[in-house]
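S.K.: The structure under discussion is supplied below as structure tokens; questions concerning it will follow.
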Amino acid sequence: MMCRCALACCLLVIAFAQVDSEAGASNSADVAFHFSKQLYNVSIPENSVAKTYATQTPGSELMGIRLPPNTFSDIRYRIVEGDKDKFFKAEHRIVGDFCFLFIRIKTGNNDVLNRERKDKYILQVRATASIKEGKQKVQYTSDTTVVVTVLDTNDLTPLFYPTEYNATVFEDTPVHQSILKVIAEDADLGKNGEIYYSFIEETDKFAIHPMSGIISLSRPLRYNEGTYHELTVLAQDRGALTKHGGMFSKAKVRIRVKKVNFFAPEIRIRNHPQIVENSNADIYAIVNVSDRDSGIHGEIASLDIVDGDPDGHFRIRPTRQKGEYNIEVLKLLDRETTPQGYVLQLRASDRGIPPRESYKSVSVKLTDLNDNAPVFNKEIYDVKVKETAPVNTPLIRLKVTDADEGKNAQVFLEIVGGNEGGEFSINPETGMLYTAVLLDAENKQFYSLTVSAIDQGNAGTRKQSSAKVKIYVEDANDNDPIFEKSEVTVWIDENMPAGTSVTTVHAKDRDRGENAYISYLIVNLNKVPFEIDHFSGIIKTNQLLDYESMRREYILRVRASDWGLPYRRQTEMQLTVKVKDINDNRPQFEKVDCVGHVPRYVPIGTEIITLSAIDFDAGNIISYRIVSGNEDGCFSIDATSGTITVSCDLNDIRVSERELNVTATDNTHFADIARVRFKLVNAKRNTVASGKLLSDDTGAFDCKDTGVARRLTEVLADAEDNNKPLAQEEFPMMPTRYGQNVHSPEFIDFPVEIKVNESVALGTTLVVLKARDRDLGYNGKLIYGISGGDIHSQFCLDMETGELKVIGYLDREREYEYFLNVTVYDLGKPQKSSSRVLPITVLDVNDNAPKFEKALASFRVTENALNGTAIFRANATDADEGDNAKVTYSLVTDTRDFHVDKTTGVLTVSNILDRERQDLYELRIRATDGGGKGPDNPPLYSEALVRISIDDINDNAPKFSLPNYTVKIREDIPRGTVVAVVTASDPDLGPEGEVLYSLEDSDSDGTFKIDRLSGTIRTTKPLDFEERQVHSLIVFASDKGNPSMSSEATVTINVVDVNENMHAPQFSDFVLTGEVKENKPVGSFVMQVNATDMDPPGGDSNVEYSIRGGDGIGIFTIDNQGRDLFLLNLNLFQLCSIINLVMKVRRRIVFGIRYAMFCNGKPIHLIVNN
């Protein structure tokens, strides 16, 4: 009660203040006349009929002019600007102290508002009024701006442009891919301009997005199922989708299915397994190309060789049969040029659009034709061998290759020329050339062998080639110098000067080089008057020889010595030098300078004197002659005896004294003149007996003795002494080392056995053999050789040092033991030798990796195979021995699904297999031997590839991409709209992986359906938020397995509400007037208001009422459901001001209403705003 009194007091204070103010204003000369605002906003629907009023936004300030009491009259509103088309009219209505301004559609205008043409008008409105002051009227004006917004109404139909759509879709277009987009436009605004698209016909193959108009595939297209689809698309604006119906248009969509080139051509080949090179075979293979497509896509355009034949040896030619081609050999094939054969890459192209291609490799294996002769690595080989080389000495390994393969490349060698004496042999397999006999460089120092290499091709096709091997036999000092004659007698004239050549001795040595260089020596122990040139063998005198006094015969021992090493060879000859007496002495008179007398009476023929001359030369005949003093011929001399006789009558000689000069000659030399001087005397005539002078040979002469006779006696004594037989030998014996070859060689510390690793490097020395010989010189000089057991030419024994080396690669796996027959020879004559057997054991080295019986294997196993299931047994062997041949197995591939037994090599399943996780395993099984020690010598291994394909079983249910799907969709979408697409995948293969969809819609009454193939969910009925806001669907995905497996997913569809309340409630008038007396009790009925809604009957047309404002402190209340206004407070008479009440008429959207009521004779008004 106290509160109410306080409230009443407040109201009275306000009322009195207002009354005073008004009183003051009425007395004022300046009265306010203006609009409540300078700018108002109103709206009016387009196409409105005449007398349709524009409305303000609810809650806006009142549009008009507030009037002081009892002031203005003749108030008018008019539009002065902005209404060019004369659509609008301004009206006024005075309610209480407020003059309302209303804008409405003018009558009598044939045109209508069109928002699409013009959506806004800016009107200048002028208000006029007058005040009567005495007898005069004062005019007042006020201007304001009213912006009229033309509201859209759903007056336009959506328009397609174009109205027909054509699309060509390939039949392999993926599901849910967009095909085309239809476009319709609606010039309306808001929902009136929003368009929904839908198909008129029901279709499972296509779906259209209701808002974007994009048409997509919802099922795979198949050309064989239909090549043409015609759809009718309906475009309807959302304003038309209310319960009142609306406007729509249609468009035609024609979709042509274009056949797709699904399949690439398939290539099948029927070919020869092998083709012989250089053969005349024309066709190697027949190729059939087919295509599972039909039409042009199934036609084969071409088959080409695109790789593997860079030189164009093959070509492809079509046959008369469709799809059949021949691979023809265009050029002669040569396996040696392409030993791996050819891998032809075929490409088949069809005529599809776009064309498809497929490729296939054709392996062309060329069978070897024996068309290549063996080839030596050299045409001419030069070899040097010592002539002392023992039999079976290796000389050179001839290397021969044959570009063929197999037996055609297996080459045997033989000596076909130059070996007429069988001096050499050759290992036909290894090509090692050996000596076969002892060589003699003196007999033949050069051999030119022709070695032929013959392959082992079939008879009649074998090829051969040859090479020259020039063998130079190196000389050894194995020959003594040989004199041409062992005994020679030569003559030399006596008295030749020193240095006179006596003879030349010549010895020949059959060796060569220094071994044949000979030096000579006279080896006589006693001094001889000869010397020999050491190199030329010329024997010269080193002093004068005198036949008469010196030795007349010399026996010289001449030794010839070669320069060979390590020992010189020597020989001797006997040279007898006989001194030949020559006429080297002049006759010498025994007496010279004879003086005497001769009687004149001596008769003719009388010997007057005999001159005697001695010649030291033996056997010379001396003759005498008078060289002077006998010009008259009165004297003569006996040429033989030297006796001078008278040959004329001395009496006739007038001179008394004569001198005869006599000389003696041996027919070569002349003696010095012997003068015989005598006087002719006239003595008594006596008879001379026998015509000789009496007295001695000189007659009556005195001569000078020359001593020649004595000297001759001495010479003869010397000659006799010098030519006596010698008491001892004049020359030494030959050295004793050139005696007979007595002893045979013998080995020293001969090894019992030699063990060598098979990996030994070439040139490695295995052992140095030692031997001795108790002979001297060449008889004790030793050489070594392998006389047998080296069948593979693996070893070489140095003939000089006895060093045994490896010259061929050893392979224990081919030959693990050798027994070499080793022989040591001396160089004596006759040659002696000794032989031993040398065992050589080849030790194993880990040089062979394990080898799999099958290096590639393929198997299939189902994915439900149990652990421990055996798949494959790997079997690898190692050619080595011992630990090197011990094989262990391991799995190189990193997997837990399989295991290989370390010892047995059995591959087993070790984990649960899942084809969907992995459908192919390529397992590498490694076989490792037990050889190798340390990081630098690891064990050897090899690998085998095992491909395991996992066969599928139906062990997987289809799986949705999401367990739960939640979608939102407007309630006004067209029927048939796709609301969701669920996808499930099944990793199984074949039918077991094909998914079918089904829908359980027990609580939705068939509102939705699902495409069983694509999982597309569509609406089958209109949705209504008011009836049901949520739809819960269960989608099942099942495979085609037997038995089938399935899974499910939940699809929750939330229906989004769409405001279907198209019309706001409308009061009967903009201003309702009512009265209430003061002092009415609380709850008194004041008045009844009424609003109507143009929506269809139902929730959207039910009206609720409420007061928005204007009742100040809550004086009034209104029934929410009804229309009655009641009084809540008393003492209203105290309220003299205008109370504004705002009522709200509500469905869901609130609208404002203003009421003006009268208080103390003044109206209390209520104004309703839309």
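Using the three backbone atoms N, Cα and C, a Cβ is placed for every residue, glycine included.
Automatic, uncurated: that is what TrEMBL annotation is.
The signal peptide annotation in TrEMBL covers 1-17. Taken from TrEMBL, the feature domain 'Cadherin' applies to 36-160, 161-267, 274-376, 377-483, 484-589, 598-701, 748-852, 853-960, 961-1067, 1068-1122.
Describe the structural context of each listed feature in the structure shown, including burial, neighbouring residues and relevant distances.
M.R.: When DSSP labels each residue, the domain 'Cadherin' (36-160) comes out as 0 helix, 70 strand, 55 coil, counted as helix, strand and coil in that order.
Across the range of the domain 'Cadherin' (274-376), the DSSP-based residue counts are 4 helix, 50 strand, 49 coil.
Across all of the domain 'Cadherin' (748-852), the predicted model scores a mean pLDDT of 91.
In the domain 'Cadherin' (1068-1122), the DSSP tally of helix, strand and coil residues is 3 helix, 19 strand, 33 coil.
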S.K.: Given pairs 6 or more apart, does the domain 'Cadherin' (36-160) have at least three Cβ pairs under 8 Å with the domain 'Cadherin' (377-483)?
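M.R.: No; fewer than 3 Cβ pairs under 8 Å.
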S.K.: Take the domain 'Cadherin' (853-960) and count its residues per DSSP category (helix H/G/I, strand E/B, coil), listing them in that order.
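M.R.: Split into helix, strand and coil, the domain 'Cadherin' (853-960) gives 4 helix, 48 strand, 56 coil.
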S.K.: The domain 'Cadherin' (161-267) and the domain 'Cadherin' (961-1067): do they have three or more Cβ pairs under 8 Å, with pairs 6 or more apart in sequence?
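M.R.: Yes, the domain 'Cadherin' (961-1067) and the domain 'Cadherin' (161-267) are in contact.
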S.K.: Counting by DSSP secondary structure, give me helix, strand and coil numbers for the domain 'Cadherin' (377-483).
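M.R.: The counts are 4 helix, 50 strand, 53 coil.
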S.K.: Going by DSSP assignments with H, G and I as helix and E and B as strand, what are the residue counts for the domain 'Cadherin' (161-267)?
M.R.: 10 helix, 48 strand, 49 coil
S.K.: Looking only at the domain 'Cadherin' (748-852), how are its residues distributed among DSSP helix, strand and coil?
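M.R.: Output for the domain 'Cadherin' (748-852) reads 3 helix, 49 strand, 53 coil.
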S.K.: For the domain 'Cadherin' (484-589), DSSP counts of helix, strand and coil?
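M.R.: Counts, helix then strand then coil: 3 helix, 48 strand, 55 coil.
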